[in-house]
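Heads up, the thing below is written out as structure tokens.
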Amino acid sequence: MGQSKRPFKNKEEKKSRGFGRSRHDDAGAGGRPQVKKAVFESTKKKEIGVSDLTLLSKVSNEAINENLKKRFEHGEIYTYIGHVLVSVNPFRDLGIYTDKVLESYRGKNRLEVPPHVFAVAEAGYYNMKAYKENQCVIISGESGAGKTEAAKRLMQYIANVSGGTDSSIQQTKDMVLATNPLLESFGNAKTLRNNNSSRFGKYLELQFNSVGEPVGATITNYLLEKSRVVGQIKNERNFHIFYQFTKAAPQSYRDAFGIQQPQSYVYTSRSQCFDVAGMNDAADFNETIEAMRIIGLRQAEQDNIFRVLSAILWLGNMQFQEDDHSNASINDQSIIDFVAYLLEVDAEGVQKALTQRIVETARGGRRGSIYEVPLNTVQATAVRDALAKALYFNLFDWIVQRVNASLTAKGTVTNTIGILDIYGFEIFERNSFEQLCINYVNEKLQQIFIQLTLKTEQEEYAREQIKWTPIKYFDNKVVCQLIEDKRPPGVFAALNDACATAHADSGAADQTFVGRLNFLSQNPNFESRQGQFIVKHYAGDVAYAVEGMTDKNKDQLLKDLLNLVNSSTNSFLHTLFPNRVNQDDKRRPPTAGDKIKASANDLVTTLAKAQPSYIRTIKPNDNKSPSEYNVANVIHQIKYLGLQENVRIRRAGFAYRQTFEKFVERFYLLSPKTSYAGEYTWTGDAESGARQILKDTSIPPEEYQMGVAKAFIKTPETLFALEHMRDRYWHNMATRIQRAWRNYLRYRTECAIRIQRFWRRVTGGLEFIKLRDQGHKILGGRKERRRYSLVGSRRFLGDYLGISNAGDMGDVIKSSINISSGENILYSCRCELLVTKFGRSSKPSPRLLILTSRNVYVVVQKFVNNQLSILAERMIPIGAIKFVSTSNLKDDWFSIGVGAQQEPDPLISCVFKTEFFTYLTNALRGQLNLRIGETIEYNKKPGKLAVVKAVKDPAVPRDDVYKSGTIRTGPGEPANSVSKPTPRPKQVPGKPITKGKLLRPGGPGGGPSKLAPRPKPVAQNLPENPRAAKQPAGEKFKPVAQSVTAVAAAHARTNSGSQNRPPPPPPPTQPPAPKKDTAKALYDFDSGRSNELPLRKGEIVQVVTKESNGWWLCMNLETSAQGWAPEAYLEPIVAKTPSLPPPPPSLPPQSKSAVSNTLPNGPSRVNGAAAKAKPAPPAPPFKRPDINRKAAPAAAPRDSAVSMNSHESPAGSGRATPSSLSNASIAGGLAEALRARQSAMQGKEQDDDDW
């Protein structure tokens, strides 16, 4: 029925209509429906009237007219009647056919967008692709109502959305669009009602392949008004091509064909109308030439076309006058010669064909005598006009055939979309044979509309036993029978009989025709009057003049003219007139009425094979005014178009009907009982399958009815919902497949990662283990080892500071100390450098030690003007290193012997010294001179060698302590010790390969997942003595740390028995909430910055975050405003320590064995853990953080146990150094230091001064 079956575009629209909801759609958080937030649509255009006439509160012709008028006045020219589009000609450009508007209709059903011809095109194209059914669009309405424009817009839309990037497909699209300007030039003309009136009918059939790409097209033309070639009424014009050609012909054509302006030719000047408002003939001529090029007409073919047009124009200038015998003669011989030149025939033959007629007499079936009968001026003029009309008519037919040849399908044709653009219904002051044929074809189209939308629909409801209230309508079948029937004879039959009876005399034939019409006087739709007859058409009563009808019906060219054309040497003329004159053929040739009737029936048959869509065009006024709306004329069109009846049937009818078999075939995916994984599984009959589908999709019973063989859907919204659910099924299946595939890919990735992780664990760490073992060999059993150096999990990782990591602190350090990109970072670690200070003892100071493939860097970090500065304190090329010296004890000190003339050798303490030796050895390709002895040698000053003694002292609490040139360290592991085996990792339960729900346990190919039922609780018999309870197999007892009091109390309760059990103690009280830090403002503070908190003296604020850079993040207790405040302006408020609770009561004496059995080593572990205190985190850089950024967490301590603190103080070094001068004044401290130096240097040389 041409109904658009395009689904809803989004879920919200579908759900708003109540279709296809899942049980999860109505429940959100807490089980409440999720209601979409309302948004004011300020840009939405307010609807004028109703966009669908079925929504009118009152159905009448006046109500329909009022709605159309209201919409017309506001520029809304399109309105629906269900799926029928009503279009009112605006006579102006509304800007509604742009590419942007076109794209807005792509992929939308008609309910989602305003009424438009693009929506009809989209529905037809979608239905063709989705249902594999041929489609057609029937455009009807009177002349000037906008049928041709609607057809052009349909072609525009289909060409844009039909896809296809292949060059041949694009060429087909271009050629189809090019047919519009070409055929309009040759088939359209200006009339009183329409400046671009189609004077022929056209059925364009677009051909598509299986994927919806256009592969070809065919055009069938009907009823070309060839009489317009030789005459027009005032203020009308000939066909457009004559004015385009005469105004814009190139000079070559003017010279070859003698072309002049249109005022010079009788056929183009008779009506004295040469120009049309809003039309540029010269520009249109160029567009016509371009269309010919696109379609593929060669230059020779174009030349022949314009040669024939020139001959027609010059034929019209051939005037006749009477000679002495009252016979016709041509007064201008030059015109005869030029016409003969254009037709490429003999000039004498032209003169004879136009002024004489050859008559042949027959006797007894034999050929008789042949006479040359001269013609009078009237007869000669008629022969001239007949030749001109025949030339143009055959030329037009040839152009259509040539276009079809270019548009021949270049692939397999699967489906078609037809567009019918034909004459509208015509009623003039004088109506002749042309109007009878045109109105007859419109009656046939109206009959199709009635049969498919009114009669057939109601008959189908009755046949299918659907509840239905019949609606009365006018069936125009009787009018069609009046014109076309043979028994009893209709108008065409009577006309043919008159032509056959009195074929020689036109006047006698017309009178015979009038006599035959008297037999039709009993028909209620026919009236006969003097010299005319009236037919009561569906669009109104039309009076037709009898005069000249028989001649027009004969539609025969005189044999004299055919002989003239056949004598031409121009092969193109022979192509235009392919039928040779058969002198012996006695059969009556088909008349014009016969041809029209056959064409109309063929058209009806073609349309019946397709699913039709309808566009009903309405002309608002006869003056082509963009503002005038003639109510009387519009109501007349509403009546004869049957819009009121169409509205009533659409309101009471069903939007969609389909056989049970096709319905189930289309929608079986929507029910789990009729399909599984896309496969059809229904085993019952088709009717029950259709009912099951409608039931499972929650379609209300009032929205459908089940007939005898078909399912009927009432509203298009229901159909759109079904289509949307069907489309979403495939989307959901695709999503499930994608989810399964992504899950499988994730599974494979996780498996690969596990394998890679295991392989790296096995092989990736071997390199670092080899380096560690190489370190043992480098030491060569000459140095005692620390226990940490020998643990099995120790690896020589090298770059502990991450200097080589991009985008991290490493980039900052590399750029600060100018490490080139060609240097590979081999080793980096924190260390301490022995630094000599004037007037003070040498002390270790924190540094960074970096080894590259070229240099050794000693990097210092310090604050300069409250900014962290990173400097390369020392850069030593590895080639300049003469030796590395270290002691034979377990201390971490070593020196790098360079022997520079300006700088001393560095003496460094680094916990990863052996690793440094290893990487340095590799960098030097094994040429490192490693000196290991009881002392460490180094140049304390340039050119002055000094030694540092290493002394073993078991009393040293830490690894080693440096003081006054001596390193004291505890005993270490034997020098020949090697690393212990790598410990096996802790056995933990294996994690699942993936968290996906679509994979079986163990990955693809595993056994099916079966959920074990949850066991029900069963009463168990517990032993009286809890100690006797047996531990489960494989589960070890884990002691829990408890206080001695609790253990003793538990032991006492266990031995006391169940009869004298004391009451349970009260539940412990909730621990107090942690108190928030507060501070009191000592001074007023108001900087005016947005990220700083103003303070008033004495004000109490809450401290949120304390930064070590001198700024605290505080919050005002009254306004809750947060901001940064200087630490110096605040005094923390220390909360009073609450008094300790009284000690617990003493316990009864317990045996040691009981306590030890209950909790082995429990108290000692607790106390030991509490005794160890974590080291303080390093201070962050001095930078005030932004208020919107979280404070940086404190950095975790490194494994090296070397502080990051860059302040050169004893506390920063972490070493045991003298601190007796820390609390003295500067002068006093200096004097005391000098006295200490003097006593320490007694008996020593000046070079041994460490102070």
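Counting begins at 1 with the first residue displayed.
Just so it is clear, glycine is given a Cβ too, placed from its N, Cα and C backbone atoms.
Swiss-Prot lists 9-27 with the feature compositional bias 'Basic and acidic residues'.
Taken residue by residue with DSSP, S369 (phosphoserine) is part of a strand. As annotated by Swiss-Prot, phosphoserine applies to S369, with the evidence given as similarity to another entry.
Over the region 'Actin-binding' (416-498), the average per-residue pLDDT in this prediction is 86. Annotated region 'Actin-binding' per Swiss-Prot: 416-498, in sequence order, evidence recorded as similarity to another entry.
With DSSP classes pooled into helix, strand and coil, the tally for the domain 'IQ 1' (731-751) is 21 helix, 0 strand, 0 coil. Per Swiss-Prot, the feature domain 'IQ 1' maps to 731-751.
The domain 'IQ 2' annotation in Swiss-Prot covers 752-777. Residues of the same chain lying 6 or more positions beyond the ends of the domain 'IQ 2' (752-777) and with a Cβ under 8 Å from any Cβ of it are 794-798, 914-915, 917-919, 921, 978-979, 982, 993.
Residues annotated as domain 'TH1' in Swiss-Prot, with sequence analysis given as evidence: 785-980.
For 1040-1052, the entry in Swiss-Prot reads compositional bias 'Low complexity'.
Taken from Swiss-Prot, the feature compositional bias 'Pro residues' covers 1061-1073 (among others).
Annotation source Swiss-Prot lists compositional bias 'Pro residues' at 1139-1148 (among others).
Feature annotation from Swiss-Prot assigns compositional bias 'Polar residues' to 1150-1161 (among others).
The compositional bias 'Polar residues' annotation in Swiss-Prot covers 1216-1225 (among others).
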Next item on the list: For the region 'Actin-binding' (416-498), jot down how many residues DSSP puts in helix, in strand and in coil.
Entry: 47 helix, 7 strand, 29 coil
Note to self: DSSP-wise, what's the residue breakdown of the domain 'IQ 2' (752-777) into helix, strand and coil?
What the structure shows: 25 helix, 0 strand, 1 coil
Margin query: Can you tell me how many other Cβ atoms are located within 10 Å of the Cβ belonging to S369 (phosphoserine)?
Written below: 9
